[in-house]
Amino acid sequence: MSDSMPPLSSGRRHHVIGRTTGLSSTVVRQTAYADGRLSAPVAGGCNGGGPRGREDEMTRWIVRGRDAWVSVGYLLVAVAFACVPGTGIQWRAGDPARTLWVGVATAVVLAALHLCRRAAPGTATLAGAVVLAIEAVLTGTTSVGGILIQSDLLYAHVTARSTPRSQRWLPGLAAGCLALAVAGLLLADALPTAVLKVTMLLLALGVTLWWGVTVRIPLARAAHQRERADLIARAARAREREAVTAERLQISRELHDAICGHLSAIAMQSAAATARPPEAHTAGDLQERLVGIRKLSLAALEDMRIMIDVLRADDALAAALPRDWAQVDTVIAQAVAGGTPVTVTGRDLRDLAFAPDAGTGAYHVIREGLVNAGKHAPGKPVTIAVTESDEEVQLELANEYDRAGGTGTGTGYGLIGLAERVRWCGGTLTSGPEEGRWLLRARFPRVRQEERVGA
């Protein structure tokens, strides 16, 4: 059984906390590989400095100390059995004194190998089998204590190094050994003594394999469950990051549009001021225009600062969402100050009641429509027609459409982004020329009268 199988395809190793049984009952940490194999049980936590690293190191030393005491316990039991004549499986007659000191030496060597059952269970198991064979050759006896230690080494190897392939044939091997052992015990009177002795070894082998496979199954299941939980957690974190990134991008796009609106208003107001002859300006008029330009500049700087904070922050800033419907009067006033006459027909804009989030979308429609009118039809009047039904509110912005006029060099991406934003808010947006005018028409769900009263 190879100990150099490739790790999980994700490049990460997944640790499983299990508990071994028998005399070596300790909490262990194992590594699960993609083929279902578990590494040798190792006590531990996360490596690293600081209090957590020192605590994990102390835990490892405590577990190692307990393992050493378990091995010492096995040694004492094996030595005690070696000191009792006739307790082993005798293959042939031998010198009792030689059997005693070879049995003690075998117990010492196997106990030393037992200390390596976590780091190298396969090597320890193979070496233990060789030691037992040497004992049988030298003394004609296999000690009971040696069989106990060797059984625990085999158990550690099965639980730590079994692969999916071995898991398919190990249960069959264990069942075969147990079946032969039971058959031998049932036919004890008819079988030779040597066969009965082999039956005892088969019984020990079958019980060890069966117990190791039984313990290995929940460990493998725990490894798969931990891998699945880790994948689910990583997928959830990825979805969370995607949601945060999408929200941040949405906010940055809206702030970008807001900054462009402020700069466009500044350009329109300054253009309106420079279009008139110097003697036509009064000190008060210039002061008013400069104050308006300063306010727009400060607003643009504030939006830019918020956008930088949004892009730098780890989490999206909900507070950075752009202006809402309550500030629509400010947008209209800025357009008028920039030289674009604005007329509102139908319902008063301040009396409109939108569904949640629809007010923000409506604000963007008014702002984008007035900014585009100032770019492509400077100085031309804009009409905002407001109609309201039981289910929706319609905003229609109309201005004279002259393809040859205007100074705008827009690419149309503003209207594409505006349509997407309106769709996010639950509305619809259409735009285009109609009878010599450019129409921008948006529909939004409205708040019912009973909902407004309840609020």
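Cβ atoms are placed via backbone N, Cα and C, with glycine included.
Just so it is clear, the model here is predicted, and its values are computed rather than measured.
Same-chain residues lying 6+ beyond the ends of the transmembrane segment (68-88) with a Cβ under 8 Å from its Cβ atoms: 23-24, 26, 96, 99-100, 103-104, 106-108, 110-112, 114-115, 141-146, 148-149, 152. What TrEMBL records for 68-88 (among others) is transmembrane segment.
According to TrEMBL, the transmembrane segment annotation covers 100-120 (among others).
If one looks beyond the transmembrane segment (126-149) by at least 6 residues along the same chain, the residues whose Cβ comes under 8 Å of a Cβ in the stretch are 74, 77-82, 87-95, 98-99, 102-103, 106-107, 109-111, 113-114, 201, 204. Look at TrEMBL and you will find 126-149 (among others) tagged as transmembrane segment.
Counting only same-chain residues 6+ beyond the ends of the transmembrane segment (169-188), those with a CB under 8 A from a CB of the stretch are 158, 162, 195-196, 198-200, 202-203, 205-207, 209-210, 212-213. The feature transmembrane segment is assigned by TrEMBL to 169-188 (among others).
Sequence annotations record features per position, and here TrEMBL assigns transmembrane segment to 194-213 (among others).
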